[in-house]
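Trainee: Would you mind keeping the following structure in view while I ask a few things?
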Amino acid sequence: MSENQESLAKLGHENRLFPPSAEFIAQANAQASMYDEAEKDRLAFWEKQAHELQWDAPWTTVLDWKVPFAKWFVGGKINASVNALDRHVAQGRGDRVAFFFEGEPGDTRTITYAQLLTEVKKTANALTELGIKDGDRVAIYMPMIPEAAIAMLACARIGAPHSVVFGGFSADALLSRIQDADAKLVITADGGYRKGAPFALKPAVDDALKGKTNVKNVLVVKRTGQETHWDSNKDVWWHDIVDRQSTEHVAQSFDSEHPLFILYTSGTTAKPKGISHTTGGYLTQVAYTHKMVFDIKPETDVYWCTADVGWVTGHSYVVYGPLINGATQVMYEGTPDTPHKGRIFELIAKYKVSILYTAPTLIRTWMKWGDEFPNAHNLKSLRLLGSVGEPINPEAWMWYREVIGGDRCPIVDTWWQTETGAIMISPLPGVTHTKPGSAMRPLPGISGKVVDDNGKEVGLGHGGYLILDKPWPSMLRGIWGEEERYKETYWSRFDGVYFAGDGAKIDTDAAIWLLGRVDDVMNVSGHRISTTEVESALVSHAAVAEAAVVGAADEMTGQGIVAFVILRGGIPNVCGEELIKELRAHVAKEIGAIAKPRQIVVVQELPKTRSGKIMRRLLKDVAENRAVGDSTTLADPNVMALISQGLSTAKDED
Ligand code: WT7
């Protein structure tokens, strides 16, 4: 953990403290007493949060815990879509705006809770007509448009677990996810808008479905009007089938432990993990955290989480949490620099956004673009700022606070994972005195610790591994179809406790500082990509014999992907620009553009131990332009000198 030790030293100097203002405290949803309350009786605390939801039948057991398998609110019956929609309409909130949608080209739609409910009911009826029943898996591959949320809620309404695949993933990545979950239906769009132009999605679905699947239909939203190949045996236009459905649909209640969704995320091997979440516990924790961490006042706030529904943040803090709490949200389809670098700020001013939740990579990008863009817009409506996805460096935190938040908005740096389902470590606005760059402490009801190699808690002021030692309602219930892998990945490093994969430090005030992944998982712009996944994409190219991939510190994206490749015999041993371009395009095809290496270095040899294990640590030193660390265990001690000499680069030009 040499990199971690460096960061530890740096973090030791962060002494700034930002207490909440008296005005914020006076109106805050969260109270300091919640920590004690939860500590005294954790299960009673969670029961109280669960009572905020509408249940169709009460649970008989709060928690059934047989390590590592949890069941929450056992026996309870509930419907996710009813909690997100019907409840608000039934209680007279149907006219409240659920979404202010802004397309990238500037088209807008305002959708109330009543309208959203009607659309979800019609879509649920359409899914039923297409033969989808509870338990069937549905893959969703969409741009960031309201139909993405409608599709998810319609699946939830009929008990069909959704598997949302980020629209930036390739056909190959989509196919492997469709196959792994054995999806029966794919919901997609002809395309969407990004960077000022339409991009196509349907062709990727067509490509994917050339593989062997059990997909019977493809339901297609018309978004861009692009010419699309059509197979009338399989393809169905959304407007043809959804629009003619009845607006009546009585939701069925499902067991609290009924699967709600699968979401694939990268692990340390090439095969993505299908993280499985169920209903009652998940909804309880996303609603609770959304209310407390974002201090949501649904009557007056306009909330904007900039995440795509393809990631867990979009599931928990665009779809389920905010809708259950009756929030009014902004949803934006496009990129932050289209048509100009002030687009996000323009939208904050236009919709009077009061709560903004985004990622450090975007904050650092804004910093680079310059203060003139935010300064050109009225951001006074903002009252709370959130950050998620990767550690936020103190400089970016301070800039976020001063330039975006006008020095008046509390910042919540929220640590969690696809696996945890909901926020776990975060300040409580109105309670916590925050430090720039720290996620502070576990939320009331959550137990997290920093431990050493032996699983023993480290003392204050020390670093180690972050673990979660008590089950929580929104925890993953497993990896889809891979029980052994679930146990092995999360529960074997330290006996009986969940190992998150992150390094962390707990300072002398018991504030937690996240230090990044300690395994072979990279974090690029807040997205998890495994080194092995990129390596196997590279070696699947005819020119590559061997590949080693590392995540190197990157000022903008947190980490950048750097690949070292050995070419196959017979391939001219020059680091041709053409070949490197081709390799980068190949990775984009295999996984998606987000996994394209920032840099590819052609080498003669990789640094290996005598037992043949690649020493990525040394490659990381090279990639981060550091003196190469201890290489005495290398089989061939000269290899590192050769690699450092042979550095040849091809920078990402898009
Ligand atoms: C990994 C989880 C949680 C939704 C988005 C990412 C890193 C996440 C923080 C934070 C430091 C963070 C961790 C974690 N991470 N939030 N506030 N501070 N690191 O979800 O793709 O499942 O990735 O993201 O390394 O393990 P994910």
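Note: Cβ is positioned from N, Cα and C throughout, glycine not excepted.
Heads up, here are the entries from TrEMBL:
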type    : residues                                                                                       : note
BINDING : ARG194, LYS195, GLY196, ALA197, THR313, SER525                                                 : CoA binding site
BINDING : GLY389, GLU390, PRO391, ASP413, THR414, TRP415, TRP416, GLN417, THR418, ASP502, ARG517, ARG528 : ATP binding site
BINDING : VAL539, HIS541, VAL544                                                                         : Mg(2+) binding site
DOMAIN  : 33-84                                                                                          : domain 'Acetyl-coenzyme A synthetase N-terminal'
DOMAIN  : 88-480                                                                                         : domain 'AMP-dependent synthetase/ligase'
DOMAIN  : 533-613                                                                                        : domain 'AMP-binding enzyme C-terminal'
MOD_RES : LYS613                                                                                         : N6-acetyllysine
Trainee: Which residue counts does DSSP yield for the domain 'AMP-binding enzyme C-terminal' (533-613) in the helix, strand and coil classes, in that order?
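Mentor: Computed counts for the domain 'AMP-binding enzyme C-terminal' (533-613) are 24 helix, 28 strand, 29 coil.
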Trainee: Three states by DSSP: which one describes THR313 (CoA binding site)?
Mentor: helix
Trainee: From the Cα of GLY389 (ATP binding site) across to the Cα of GLY196 (CoA binding site), what is the distance in angstrom?
Mentor: 26
Trainee: Going through the binding-site residues ARG517, VAL539, HIS541 in sequence order, which have a CB under 6 Å from an atom of ligand 1?
Mentor: ARG517
Trainee: Can you figure out which of GLY389, THR414, VAL539, HIS541 (the binding-site residues) comes closest in space to THR313 (CoA binding site), comparing Cα atoms?
Mentor: GLY389
Trainee: DSSP three-state call for SER525 (CoA binding site): helix, strand or coil?
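Mentor: Once the DSSP labels are grouped into three classes, SER525 (CoA binding site) ends up as coil.
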Trainee: For the domain 'Acetyl-coenzyme A synthetase N-terminal' (33-84), what does DSSP give as the number of helix, strand and coil residues?
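Mentor: Reading the DSSP string over the domain 'Acetyl-coenzyme A synthetase N-terminal' (33-84) gives 22 helix, 15 strand, 15 coil.
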Trainee: Within 10 Å of the Cβ of GLY196 (CoA binding site), how many other Cβ atoms can you find? Include all protein chains, please.
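Mentor: Around the Cβ of GLY196 (CoA binding site), 12 other Cβ atoms lie within 10 Å.
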Trainee: So what pLDDT does the domain 'AMP-dependent synthetase/ligase' (88-480) average out to?
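Mentor: Mean pLDDT for the domain 'AMP-dependent synthetase/ligase' (88-480): 97.
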Trainee: Rank aside, I only need the closest one: which of the recorded positions LYS195, ALA197, THR418, LYS613 has its C-alpha nearest to that of VAL539 (Mg(2+) binding site)?
Mentor: LYS613
Trainee: By CA-CA distance, flag whichever of ARG194, SER525, HIS541, LYS613 among the recorded positions is nearest to GLY389 (ATP binding site).
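Mentor: Comparing Cα positions, the closest of these recorded positions turns out to be SER525.
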Trainee: Suppose we draw a 10 Å sphere around the Cβ of LYS195 (CoA binding site). How many other Cβ atoms does it contain, all chains included?
Mentor: 12
Trainee: Please name which of the recorded positions listed here, ARG194, PRO391, THR418, SER525, LYS613, is nearest in space to HIS541 (Mg(2+) binding site), Cα against Cα.
Mentor: LYS613
Trainee: Counting distance between Cα atoms, which of the recorded positions ARG194, LYS195, VAL544, LYS613 is nearest ARG517 (ATP binding site)?
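Mentor: Ranked by Cα distance from ARG517 (ATP binding site), first place goes to LYS613.
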Trainee: Based on Cβ atoms within 10 Å, give me the single least packed residue among the recorded positions ARG194, ARG517, HIS541, LYS613.
Mentor: LYS613
Trainee: Under DSSP, is THR414 (ATP binding site) helix, strand or coil?
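Mentor: Strand, per DSSP.
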Trainee: Using C-alpha atoms only, work out the spacing between VAL544 (Mg(2+) binding site) and LYS613 (N6-acetyllysine) and round it to an integer in Å.
Mentor: 18
